[in-house]
Amino acid sequence: MASTTPITMEDLQKALEAQSRALRAELAAGASQPRRPRPPRQRDSSTSGDDSGRDSGGPRRRRGNRGRGQRKDWSRAPPPPEERQEGRSQTPAPKPSRAPPQQPQPPRMQTGRGGSAPRPELGPPTNPFQAAVARGLRPPLHDPDTEAPTEACVTSWLWSEGEGAVFYRVDLHFTNLGTPPLDEDGRWDPALMYNPCGPEPPAHVVRAYNQPAGDVRGVWGKGERTYAEQDFRVGGTRWHRLLRMPVRGLDGDSAPLPPHTTERIETRSARHPWRIRFGAPQAFLAGLLLAAVAVGTARAGLQPRVDMAAPPTPPQPPRAHGQHYGHHHHQLPFLGHDGHHGGTLRVGQHHRNASDVLPGHWLQGGWGCYNLSDWHQGTHVCHTKHMDFWCVEHDRPPPATPTPLTTAANSITAATPATAPAPCHAGLNDSCGGFLSGCGPMRLRHGADTRCGRLICGLSTTAQYPPTRFGCAMRWGLPPWELVVLTARPEDGWTCRGVPAHPGTRCPELVSPMGRATCSPASALWLATANALSLDHALAAFVLLVPWVLIFMVCRRACRRRGAAAALTAVVLQGYNPPAYGEEAFTYLCTAPGCATQTPVPVRLAGVRFESKIVDGGCFAPWDLEATGACICEIPTDVSCEGLGAWVPTAPCARIWNGTQRACTFWAVNAYSSGGYAQLASYFNPGGSYYKQYHPTACEVEPAFGHSDAACWGFPTDTVMSVFALASYVQHPHKTVRVKFHTETRTVWQLSVAGVSCDVTTEHPFCNTPHGQLEVQVPPDPGDMVEYIMNYTGNQQSRWGLGSPNCHGPDWASPVCQRHSPDCSRLVGATPERPRLRLVDADDPLLRTAPGPGEVWVTPVIGSQARKCGLHIRAGPYGHATVEMPEWIHAHTTSDPWHPPGPLGLKFKTVRPVTLPRALAPPRNVRVTGCYQCGTPALVEGLAPGGGNCHLTVNGEDVGAFPPGKFVTAALLNTPPPYQVSCGGESDRASARVIDPAAQSFTGVVYGTHTTAVSETRQTWAEWAAAHWWQLTLGAICALPLAGLLACCAKCLYYLRGAIAPR
């Protein structure tokens, strides 16, 4: 019998050499025995010549790529076209001699298909041709006259640490199907053992597969399959190789190895290698059963228990009877959920579900087509005093033709009949005609509705809140359990630690005049077990448990190292510490650096910084509209920067003169004489052509008759005065702007929690401290931003633009959408238009307005002494070049990149019970603005006192907890002023500006005006889909990445199967 000791690579080497010697002896002994004639066949140099007559086309021919689905069969090369036509084979080529070189090089060998081909010169075969050459030498082990056994393909695996979790699969014929050819030194060539029967792996995988390695790291077994694991390096890259070992002994004994039925999980192995059976059906079934019980317990097993010794439930207030319309109502497909309208209505003598009569919640919308009356009334929903009322518009004329009603979520626009609307009612004395409740004016939310003064006659039909229902929740399926309020009826009076309970409130115990409610695990254990066996809970348990069981199986199968199971068990069972929180505290922290609060440990905002990916957008020099000029009490003969050097600054004049699109104008005021000789007015007309003949100038020359020459005072009326103005767009030498784009911007809030530094972001809003866990409600990140670093005359400042520019829209000409140079030498945008110069008198009413775009106004100013005058220049907007100017950057950017809209919310969970400090002094300067009993929250603001958190109450109703300092919040008010506010101790009166709704019957929100354009209250699914198209679109968009994620996980598991269960 074969030994059960695992086979190593050294044993495999020795066994293959023994096989080669036995094969040579067998062939030598069979050479003397007569054999039947057979056609000649070209043989390998390493085999005997007695097998030269072997038939290559018989049934013993090897079959490559069986069952592997490969299109090309590289295990056999097709015969040449000459052989296919003539049916002959070539004469075998002479066997070349091989001299042992310094580096072992493969010799030329025969392919078994007629002719010879060179062996690969670069080591292992790396292409189909070299693989076919290597596969051409496979002499059989058994008698050639007998039929060969069925060939089998085995799978080995390779993976590299340099390529991540990429597993390469190599399918090849096992070594017992043929003996490798021997070299002249008597050793077999490992490169020729590579005999794939599946897809060809890449070249570097083939090299790694044929890399010799004598170290065996471990031997693994699965069933009757044995694998040897090795790790080695190829060119500096570490590879792992999992090789399939033979299932039969190589010493001739055909007895198989015993199956691996034992499983050893201790950390050390005494003698035998550690073997693991892959699979955990028992663990899966046991986990499935436990999860079914746990999920059933979590979902429906734990029922809240109410103390039956408490006082009975108080009676419900009486409800009046309203007029009943005997129409049949159909339940809408999207209504009937547990919410505000989950109760019942009493209309006349009939009880109806609220979902059959009332539409969705007044804040949620989502109602369809329904009608309670005939075609003479329209229907409404009025929300007042925190309740919804079913209202009817009276005395409405019937429509001529029914008009289809288009419904949409949160919409108040409805179809109107074809006839004219009803006339307005002027007063409130009109009768509602049989209705039992009062009337009041209708106030529509939609501002475009001009119908006024109509009456809304409300039925005495009140909406009852749904009954209070509780549920139980637990953390990680372990005690303690908490009571969860599913639906709450305010008149029941359930409170948690003195705070009224709302849907979603979690509390260990609730108290009300009815008694106490809590979750008792002992009383519901049997019910939990029974519910776990039901079909729905078992299905839920299966859905929730299967992913965790798969993760467990993957971890167990992937951790095949020695001692991995024991280590994993220690980590899972001993390294888990369930969180235990003592108390939870919530407060707010302002966003200014240095703000601090107490929750219950001191928390201070140390600073705020931004992190982003920066892309340099280059640098540019902005345009600058510059103008200069001079007022001269004579007419100059040389109108230029050189000729006017005594009156005009030389440097600005030269810069403007050399600018782009220059505008230069010379005016002569009252020009009658100059230089002692008289000149006519035509001397300057038209366009100064006569003047330019005698005086060189490049400017426009224009007379200025009618303008006052009082600037040159103290002279007779025949004196003259000239005004010279020059303007152009120039590149300012001391103005540069560098653009930087900030993407993936996120805000990092630097907090100090009891002296422990902590940074929170939107991705990680938690701080784990020795005192407990702090969860911060941080505002969203600002998004993409553009930074303009402006350097004006050495004074550098940064301006920030929020959002990405719309370069294909209105921002096409902005500096951020232009291409800039790194050296700040390029001007942005197109060349500006030419400025327009205009001479304006000092008393001209035009000066009361502003210059237009691209205009420059020039006004002479009387000097302080004779023959001295000045010039006042006013420049308007930049015109076409507006967006290229620094002023545009200032107008479209801000110095503060982003300021959060409100304070940071802090939720602190302590590791042990802590008594939180509470302020007892009343708040100061509390102002209440809004309305009460109108369904909309009112604004409450003021200053909280010091000494701890202020648990603010307004007329006994809890509003929230606030740290010392200014607070702003919103609250629903149920009582009229005056309002008493307190922090749990002494109270104070607050100033209030609220709307009194008592004078009107139906105030607040009146929405959903519906006419009787349909004959029944049914809504089709197509109408519902049209009303919720954006939700369906959002769901479809979310389904796309979800499908991609599932496909990625499936692909990952498909490739990971090689590491979990190689076959």
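Residue 1 is the first one shown; counting continues down the chain.
Every residue, even glycine, has its Cβ placed from backbone N, Cα and C.
For Cys619, the disulfide partner named by Swiss-Prot from the candidate list Cys382, Cys391, Cys817, Cys824 is Cys824. When Swiss-Prot is compared with the stretches 563-582, 623-642, 663-682, 723-742, the one noted as region 'Functions as E1 signal peptide' is 563-582.
With respect to their backbone Cα atoms, Asn791 (N-linked glycosylation site) and Asn658 (N-linked glycosylation site) stand 23 Å from each other.
For Asn658 (N-linked glycosylation site), the same-chain residues lying six or more positions away in sequence with a CB closer than 8 A to its CB are Val730.
Counted within 10 Å of its Cβ, the other Cβ atoms near Asn791 (N-linked glycosylation site) come to 15, all protein chains included. DSSP assigns Asn791 (N-linked glycosylation site) to a strand in the three-state reduction. According to DSSP, Asn658 (N-linked glycosylation site) is assigned to coil rather than to any helix or strand. In the predicted model, the topological domain 'Extracellular' (301-534) shows an average pLDDT of 47.
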